[in-house]
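As given in Swiss-Prot:
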- Gly2: N-myristoyl glycine (LIPID)
- Cys5: S-palmitoyl cysteine (LIPID)
- 41-48, 177-183, 202-206, 271-274, Ala328: GTP binding site (BINDING)
- 198-207: region 'G3 motif' (REGION)
- 267-274: region 'G4 motif' (REGION)
Amino acid sequence: MGSTCSSPESKEQNRINSIIDKQIRKDEDNEIGNQKLLLLGTGECGKSTILKQINILHSSGYTKTDLKNVAGTVYSNIIQGMATLIKAKDQFYHEVTSPELDADAQHILALAESSKDAMPFIPLTFNSIKRLWHDPTVQKTFERRAEFQMMDTLVYFMNEIDRINDPEYIPTVDDMLRIRIPTMGVVQQVIEIKGTKFRIFDVGGQRSERRKWIHLFDNVNATIFISAINEYNQKLNEDGNANRMKESIKLFETICNSRWFVQAAMILFLNKRDLFEQKLKTTSINVLFSTYLGSNDYAECVAYIQLRFERLNKYADVKKIYTHVTCATDTNQIQLVIDSVVDMVIGRNLRGTGME
């Protein structure tokens, strides 16, 4: 009779195969009930800030070590922001500055060009930043910031510059929410909210990053599309001729009507409402929307922009857009909005499974 015994190598391979099969089945089981949520939008619309808020509200938040580790990013954001202002000033104005201010500008530009990680400010750097910030020509340039690409958060950090310059400086949670690190590729986080696990994906919003979205589109439960509504008079970083809000509206139309998202909940965050309200005091949305004949009233302008987005939905008879007007750095407001979104997504899932 032939032997039915297996070799030791065969037994070991079978054991390994069994472990792999069990892990695959476990992963598949873990997928059941999970909600897949995409954060989409153009660059610098606030996607990463929303994900940080979700982490603060529904996960482990940020430890003291986490906060210490982003101090270099705060310093870098300030240096890069000031360098952007200096370059724009030189482009817009050709006024003769004092030798001291010229030296300050050259010092900051050299730091911005350095490949080294940003370090705590030495007295020369700190004093250069403050002198430049208070220079009238720099302030005139800052007032024209819609004409060039600049981080929204520079004003916040400049208002906190003395605290940030403290030798014992540790960034606060508010600082963490405002730092700018461009999302390259895809960032995934698994967070349990109200007993349901959400796999949340934050994907790069720059044009060059959008091609990386495609593999995420299968089995999406909900998409949060974020648009910074204060950008109606600003140019795109990747294309100085393209309006940022026009780009956002165009991308939303593509996402909203994509075959990939027919079954997914479509949630729209009209973000940066605080900056939008402030900008309306000096600049009408008519600069982009020539057919808008209303006033600069905040509520009226928000309603108009909301309509411009929502009317792009070609499946309005079967698909609703859930719109929220947000300020991503306002933790209390974002908590209410995220709770509402989670309840809606869970409710849709229960109805879809016949369990509600």
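Note that Cβ sites are derived from N, Cα and C of the backbone, with glycine treated the same way.
Everything Swiss-Prot records as a feature, shown here on the structure.
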residue: Leu177; record: GTP binding site; Cβ contacts under 8 Å, 6 or more apart: Thr49, Lys52, Gln53, Ala328, Thr329, Thr331
residue: Ile181; record: GTP binding site; Cβ contacts under 8 Å, 6 or more apart: Ser48, Thr73
residue: Asn271; record: GTP binding site; Cβ contacts under 8 Å, 6 or more apart: Cys45, Gly46, Ile50, Ile226, Ser227, Ala228, Ile229, Thr326, Cys327, Ala328
Can you count the other CB atoms that lie within 10 A of the CB of Val203 (GTP binding site)? 20
For Leu177 (GTP binding site), what is the secondary structure state per DSSP, taken as helix, strand or coil? helix
With helix taken as DSSP H, G or I, strand as E or B and everything else coil, how many residues of the region 'G4 motif' (267-274) land in each class? 2 helix, 5 strand, 1 coil
Neighbour count, 10 Å Cβ-Cβ cut-off, for Cys45 (GTP binding site): what number do you get? 26
Look up Gly41 (GTP binding site) in the DSSP assignment and reduce it to helix, strand or coil. coil
Local confidence of the prediction over the region 'G4 motif' (267-274), expressed as mean pLDDT: 97
